[in-house]
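Asker: First, the structure itself, so that you have it in front of you.
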Ligand code: FDA
């Protein structure tokens, strides 16, 4: 039943008419549990609250798949505004972005030029930029662009998804090249030709990737709300004496807050991914699809 619901939610998340409808109804429907607001100021306020609770943040301006060059220019300008907003408030935060929002599907060269501009600004403001990983058709390009830019700058990282068969090989290459990687399970609907269909296999590869990247001494962001994976990573780190400057735990805004607080109390670095913006719908549907029980939470909001 959960699988049927998950597939339906993933389909709905890609529907353009549903996106338009959701925009009209704003962040009601319960999306405000997962999205910090539509304006940058609201997101920076959320970052302030997280910082006060001992957590760092990474800000993501929602919006994927720029449909035109001006749209991609606007997304890039927003990334720069985010970096400036973080610096102006002295916040403990950095930036996450999706290459499709910078026009990856339109013109690779112009997308890379926009990213270079953002990285230059991030360097000036002593910040850091993480490339989120999107669906599998964009994986090769994202890793390729990351490796190209990583040669000339340290303040850029990439996310790698444990559900893809290719990812263990990617982690070996990236670790050997000295990369800063965020490891995640993976959030998109992928065919069996490219991704493990069973959760147990995803979890096994996820743990293996975390340990391999840490063993290489590369900076590792362990991004999960899965307590078993977090405990296994903590045990591995303790057994190998990995310094706390080499890794951090990351979680999504509105999810796993008790676990976040626990890790902060134990002295681990915790960073919360804070998405905001008008294009919250696709992100929201991915969060529902991950845990179909969240749909009840949405229905309760609708009744109010
Ligand atoms: P899993 O799905 O097994 O969940 C473990 C437990 O966490 C659940 O039992 C539940 O308690 C809780 N939980 C998980 N999801 C929940 C939800 N939606 N609502 C309520 N509770 C929930 N993906 C991607 O493809 N590209 C990317 O760039 C990123 N970036 C990213 C950054 C950060 C900081 C995080 C934490 C995650 C991502 N992801 C991502 C998403 C990731 O791939 C994955 O879909 C989610 O983290 C959910 O998987 P878990 O690792 O939490 O495990």
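Including glycine, each Cβ sits where the backbone N, Cα and C put it.
Got these off TrEMBL a minute ago, pasting:
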- 98, 286, 287: substrate binding site (BINDING)
- 133, 161, 185, 186, 187, 199, 224, 225: FAD binding site (BINDING)
- 44-298: domain 'Proline dehydrogenase' (DOMAIN)
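Buried or exposed, and what's around them? Tell me for each listed feature.
Answerer: The secondary structure of residue 98 (substrate binding site), as reduced to three states from DSSP, is coil rather than helix or strand. The Cβ neighbour count for residue 98 (substrate binding site), using a 10 Å radius over every protein chain in view, is 22.
The Cβ of residue 185 (FAD binding site) lies under 8 Å from the Cβ of 161, 162, 163, 202, 203, 206, 224, 226, each of these being in the same chain and 6 or more residues away along the sequence.
Per-residue pLDDT, averaged along the domain 'Proline dehydrogenase' (44-298), amounts to 95 for this model.
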Asker: Give the distance between the Cα atoms of residue 199 (FAD binding site) and residue 98 (substrate binding site), rounded to the nearest whole Å.
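Answerer: Counting only the Cα atoms, the answer is 25 Å.
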Asker: Which ones are near residue 286 (substrate binding site): of the binding-site residues 133, 187, 225, which have a Cα within 10 Å?
Answerer: 187
Asker: As a check: which entries in 161, 185, 225, 286, the binding-site residues, place their Cβ less than 6 Å from an atom of ligand 1?
Answerer: 161, 185, 225
Asker: Can you give me the residues near the recorded substrate site, meaning same chain, not 98, 286, 287 themselves, Cβ no more than 8 Å from the center of the site's Cβ atoms?
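Answerer: Here the nearby residues are 187, 275, 282, 283, 284, 285.
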Asker: Rounded to the nearest Å, what's the C-alpha distance separating residue 98 (substrate binding site) and residue 133 (FAD binding site)? Just drop the number here, would you?
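Answerer: Checking the Cα atoms of residue 98 (substrate binding site) and residue 133 (FAD binding site) gives a distance of 7 Å.
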Asker: Please report the DSSP secondary structure of residue 185 (FAD binding site), reduced to three states.
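Answerer: Looking at the DSSP assignment, residue 185 (FAD binding site) belongs to neither helix nor strand, so coil.
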Asker: What same-chain residues, at least 6 away in sequence, bring their CB to under 8 Å of the CB of residue 225 (FAD binding site)?
Answerer: 251, 252, 255, 256, 259
